[in-house]
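Chemist: Quick one: the structure is below, questions incoming.
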Amino acid sequence: QLTPSSFLRIGQLSNVDLNEDIHELETEVPRQRPNEIPHNEKLLSLKYESLDYDNSENQLFLEEERRINHAAFRTVEIKRWVICAMIGILTGLVACFIDIVVENLAGLKYRVVKDNIDKFTAKGGLSFSLLLWATLNASVVMVGSLIVAFIEPVAAGSGIPQIKCYLNGVKIPHVVRLKTLVIKVCGVILSVVGGLAVGKEGPMIHSGSVIAAGISQGRSTSLKRDFKIFEYFRRDTEKRDFVSAGAAAGVSAAFGAPVGGVLFSLEEGASFWNQFLTWRIFFASMISTFTLNSVLSVYHGNAWDLSSPGLINFGRFDSEKMGYTIQEIPIFIFMGVVGGILGALFNALNYWLTMFRIRYIHRPCLQVVEAMLVAAVTATVGFVMIYCSRDCQPIQGSSVAYPLQLFCADGEYNSMATAFFNTPEKSVVNLFHDPPGSYNPMTLGMFTLMYFFLACWTYGLTVSAGVFIPSLLIGAAWGRLFGISLSYLTKGSIWADPGKYALMGAAAQLGGIVRMTLSLTVIMMEATGNVTYGFPIMLVLMTAKIVGDYFVEGLYDMHIQLQSVPFLHWEAPVTSHSLTAREVMSTPVTCLRRIERVGTVVDILSDTSSNHNGFPVVESNPDTTQVAGLRGLILRSQLIVLLKHKVFVERANLSLVQRRLKLKDFRDAYPRFPPIQSIHVSQDERECMIDLSEFMNPSPYTVPQEASLPRVFKLFRALGLRHLVVVDNRNEVVGMVTRKDLARYRLGKEGLEELSLAQT
């Protein structure tokens, strides 16, 4: 429960700032410039609700659980496996759809532009080709950005930060809706075809999660259809487990790495874990990569040859040609350091850019204009770089999809064009596998520099797009450059194969940006189909993470923080032992009596200033001398269902209520419970009484007020609670701990700092 909101609305911005003088300035600013939204990352937003991962063990729940026998539990378990299989199949199919559509549309675009460039190289007037390329890009991206900005803003970005928050227990509005999935898929196709510096791998994780959340509920609230299946899973606990399976299936479809998917879900996503879950998630990942593989193999015309396990295929690395020796280990570690520094630079730039976007570019129309601008600039930069590059390579024996001749001699192509004039996935594979001598060092250096800034500018636009592939591409380019310069230095020794260094550079760059360690190592090993590189990749990623963390945190954590989400990490801040529950908790608490007037309940629920979601229930006869001790806890959603069905004591006596409420009535209302304003309660009904005894959770978790913050944090985080009641030694309610009270405390540069809360 939140602190009294009068404290939150200081000034006109409802933006609490602890230093008064800064506050005066902040109140002055908006008068001159009304189009700026002040934003301070030292805030926690109150607009995010928590998910309830703790089952409410009221009488209804206990009765239902006692009725279920062993055979019924077996069917529930079988249903879980069926859902996991369906998640895998559907995620694989969505990935196929994205892949095939992108391939065809991008191929069409590149053919048109290539014919145009070939035509105008002969007779002059190449500026027209540039115009055509930029216009094509900008118009495609415009559509992709329009649908995201105006229909479903949650679909912007890669969706990994949002899924991370969801699995942590924060309810981000609209994040697992069907509408979000449709916009996400269309948006990602359009932004990749529009030539932005983005990949289609990140959004697959979000798409998988939406699919999982939808299937496991057995109905669609967007389509208003209820299929009356899987009703047992209509609660946050079950839904979360399936969402982590969906995220894993997404990774595994994107990279063809089922084990990597499970580890990703474990490392980045799920905050709660058990062994049965691991096995089911692995099953979903395997099914998803197998589905993708078989459909794409049929599409490419060799039905029996399962050769494309993921959306991106790094191609096979042969260990005979490309082994590594012991003296290369220090070189790899050095590459890790470089990757960490570059990744930290990327994140710092993106941080300032995102702050600027939150402040000034918050109108949807401005966001669309910015996306079009980035698309046009990307095309222009690519064109100018290809135009100015004099790096020509012989065409025969090379596997370039769209060779641009430009000013090269006949039978040669421009090698800068293989990097820019292609989808990023293809460019990565080219950088890994093209034979030594395919690229001029100058070409690679210029490409790395330009693409670094383009990718940094693109992440955080209002389009759905991932950051995986651009970072791999930047890393592969400077890694290859590094390999070439090594072979110059060592007079062309055999071990300096540039492809191997391109792989290490890609790992270092991606590790430096997103700071994943375990799952990324396994994903890289599975995607290259080579176990020999496990050790060097692990070293590179560890170094990149250590170096990067020294400067700034990972990209996803940074975006979670910028959105002021109350995210709970694994442990409480290290120096927080001095704080006790008494200092952390919110007071005063709104309590309900066990038998309460309906009018009082309606007034408490309608009170907008205190939008509480859980109410402790205390003993209901206040006239006697006994203590009003804690009897249970009831949720806002349960109270709303009770009012909707009019479960009042008087009506029960008149036997007007035909049947007792069942747990099914609560499940049917989940997840979108009606707001209290939509429920009509007449004047007479306000005088009735409502008995909460069989609906409240009679055994809520409580802590004494002397408990230290780390202890409270552990209990809250490990059980995935939403409300933790603080009691004194007479079992009277003195306060309530919720997610916001714990997420407020963070380790800053100067030690423990407390964030302020804001309504925005």
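Our numbering is plain: 1 for the first residue shown, then up by one each step along the chain.
Cβ atoms here come from the backbone N, Cα and C positions, even for glycine.
According to TrEMBL, the feature transmembrane segment maps to 81-102, 130-151, 181-199, 242-265, 277-299, 329-353, 442-461, 467-489, 501-525, 531-552. If you look up TrEMBL, you'll see 696-754 marked as domain 'CBS'.
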Chemist: Decide whether the stretches the transmembrane segment (81-102) and the transmembrane segment (277-299) have at least 3 CB pairs under 8 angstroms, with pairs required to be 6 or more apart in sequence.
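Modeler: Between the transmembrane segment (81-102) and the transmembrane segment (277-299), contact is present.
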Chemist: Cβ under 8 Å, sequence separation of at least 6 from the ends of the transmembrane segment (277-299): give me the contacting residues as numbers and ranges.
Modeler: 80-81, 84-85, 87-89, 91-93, 95-96, 99-100, 208, 212, 241, 244-246, 248-253, 256-259, 261-262, 265-266, 270, 305-311
Chemist: As a test: from 242-265, 329-353, 531-552, pick the stretch that has the greatest number of Cβ pairs under 8 Å with the transmembrane segment (501-525).
Modeler: 531-552
Chemist: Test of understanding: applying the rule of at least three C-beta pairs under 8 Å (pairs 6 or more apart in sequence), is the transmembrane segment (181-199) touching the transmembrane segment (329-353)?
Modeler: no
Chemist: Other than its close neighbours in sequence, what residues sit by the transmembrane segment (181-199), given a CB gap under 8 Å and a spacing of at least six beyond its ends?
Modeler: 94, 97-98, 101-102, 105-106, 109, 133, 136-138, 140-141, 143-145, 147-148, 151-152, 155-156, 159, 206-207, 210-211, 214, 312, 374-375, 378-379, 382, 423-425, 451, 454-455, 458-459, 461, 463-470, 472-473
Chemist: In the same chain, who gets a Cβ under 8 Å from the transmembrane segment (531-552) while lying at least 6 residues past its ends?
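Modeler: Sequence-distant neighbours of the transmembrane segment (531-552): 317, 319, 323-324, 328-329, 332-333, 335-337, 339-341, 343-344, 347-348, 351, 500, 503-504, 507-509, 511-513, 515-517, 520-521, 524-525, 558.
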Chemist: Per DSSP, how many helix, strand and coil residues does the domain 'CBS' (696-754) have?
Modeler: 16 helix, 22 strand, 21 coil
Chemist: What mean pLDDT does the predicted model reach across the domain 'CBS' (696-754)?
Modeler: 88
